[in-house]
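Report on the structure given below.
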Amino acid sequence: MAMKIGTAAFKERVSEGIDNEFMRGAVSGAQERLRTRRLQAAEELGNWEDWRSHAEEIRQHVLDNLDFYLEQLAENVANRGGHVFFAETAEEASSYIRDVIRQKNAKKIVKSKSMVTEEINMNEVLEEEGCEVTETDLGEYILQIDDHDPPSHIVAPALHKNKEQIRDVFKERLEYKQTEKPEELVMHARSVLRKKFLEADVGITGCNFAIADTGSVSLVTNEGNGRLVSALPKTQITVMGMERIVPSFSEFEVLVSMLTRSAVGQRLTSYITALTGPRQQGEADGPEEFHLVVVDNGRSRILGTEFQSVLQCIRCAACINVCPVYRHVGGHSYGSIYSGPIGAVLSPLLGGYDEYKELPYASSLCAACTEACPVKIPLHELLLKHRQNIVEKEGKAPISEKLAMKAFGLGSSSPSLYKMGSKWAPAAMTPFTEDDKISKGPGPLKEWTAIRDFPAPHKSRFRDWFKDREKQKGEE
């Protein structure tokens, strides 16, 4: 699965999301629960704004010194017997992973949750190679066996499905014969996945944060699948975005605390795992061979630009969990594996405006996302910058909008035209006016007034009122 999901036009995706009542209900309920838990967890920690500022400083420092920390990380991974590959593009990353699989003559792969592996289209590349790739995160596994349904949320990928739908998928694909009770569904998935872990030739993981001064990679999970993926297969491949790095475990401690509280409202997740290279002499488990793939895929182009702060993201989805637009349209409407406010900023940077020019407009600019972000990314400001770029640099504004703005500019800059327009506007809008509101506007106002009323022009103009007032004062 590449970064782009689906081929439908943006308006079609949005309409489909709005028409999906179950999805909107599920998203709304999840947002309320996760928001409440996040606020409680933040209050428990205390001095939340100070923690946010500290986390922001850590991420900014890393980005400003990224070359140093990446070099340090690579050196320490190599010192522990691991292999490091820096991939400039998605194709380079997936090709390197495919080559490692070929060298090992591996056919069965288990994989923990990773957004960047979806970004580089890794699963599809390996499946074309004849490999069986099994997602072991429960949400991702459900989507995989349901005809590779795309994820709709960064943290909860199967948020758009209910337990009855999941039961039906299990019955069709896994010969499931029990009820839709979550406990029974989980136990059945567990029994299936355990066999996959034991049979796997290669394990592939993502990386929440890499620790530069030790050469470690970390996995933050609630299911424990990350540990099995990294401990049982003889070969482990970890894939990370080049920005997902911290200087030491001291900074890791701060960021993982912010991550777990912001993502799911927990002090810590059930499992926090740090892996440092292949199995060393005297160690009981772990892979015999370890590969770290560091993915650029457009990230270096963002460094040093007005959008650099988006690379501070720790993938907690706190912005998604407060977004009113996401609440109504869902994750699939964004057409990218990165949805919500963070996706609306990041997707155009990685995939280009031609593919994602609509996403910066999928926002009310209420700034709830910015307030929720644990590393203080100014998301609503970055969305505005995208809009400016789309119009000024890319020339993507619709022709109708350009003509309307030119006409407005011409009329506003000419006293005689402005006077004439303000005189005739009330009469021109009369057929569309009811109770001093335009409820079915013409032309550009049609879509706007389909869901809201537009104030009708006043019949008396300010210039006329002022003229009459001055006349009355003179008569007095």
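Heads up, the Cβ atoms here are built off N, Cα and C, so glycines get one too.
What Swiss-Prot records for the [4Fe-4S] cluster 1 site is CYS313, CYS316, CYS319, and among CYS366, CYS373 the residue it adds there is CYS373. The two recorded residues CYS373 ([4Fe-4S] cluster 1 binding site) and CYS366 ([4Fe-4S] cluster 2 binding site) have their Cα atoms spaced 14 Å from each other. Packing around CYS319 ([4Fe-4S] cluster 1 binding site) is summarised by its Cβ count: 27 other Cβ atoms lie within 10 angstroms of its Cβ, all protein chains included. Between the alpha carbons (Cα) of CYS323 ([4Fe-4S] cluster 2 binding site) and CYS316 ([4Fe-4S] cluster 1 binding site) lies a span of roughly 14 Å. According to DSSP, the domain '4Fe-4S ferredoxin-type 2' (353-382) comprises 16 helix, 0 strand, 14 coil. Sitting within 8 Å of the Cβ centre of CYS313, CYS316, CYS319, CYS373, and not among those site residues for [4Fe-4S] cluster 1, are the Cβ atoms of SER262, ILE314, ARG315, ALA317, ALA318, PRO341, ILE342, CYS369, ALA372, PRO374, VAL375, ILE377, LEU379. Counting in whole angstrom, CYS366 ([4Fe-4S] cluster 2 binding site) lies 19 from CYS313 ([4Fe-4S] cluster 1 binding site) by their C-alpha atoms.
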